[in-house]
Amino acid sequence: MEQELMRIGVSLPEKLLSRFDEIISQRGYSSRSEGIRDAIRNYIIHYEWMSDVEGERVGVITIVYSHHQRGLVDSLTDIQHEFGSIINSSLHVHLDKDNCLEVVILRGEGKDVRRAAERMMALKGVKHVKLTTTSVGAEL
């Protein structure tokens, strides 16, 4: 059964759209819409995977962000203080004149690790966030 398609509008930075167009062309998509549908499916799968994090976990949150975004550094710091009881370490790297990389290592309940990552993902100026989790090793 074919689903009804809904038309939406999306505003994207030119550079991001250009890179997306290159990738969908290389992958052989028939249209930009097909590439966007695939990207949304992958986003949903990633979200569902993140939601399934239970029990004690070790997590690594990798964040790439613009350090020019007003208030972003303070917001990231505030979130790290809020989750200070589960954050073991963080590393800050200046990637170039515009971008920084933050790596945050956490250990705690999976839901808390996930919440910390989601809070960072939602901040304006954050370009990329990746959460990787693993067992603490006790059940291995």
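Keep in mind that glycine also has a Cβ here, set from the backbone N, Cα and C atoms.
What Swiss-Prot says about this protein:
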BINDING   H81, H92, H94, C100  Ni(2+) binding site
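Ranking the binding-site residues H92, H94 by C-beta neighbours within 10 Å puts H92 at the top. The Cβ of H81 has fewer other Cβ atoms within 10 Å than any other of the binding-site residues H81, C100.
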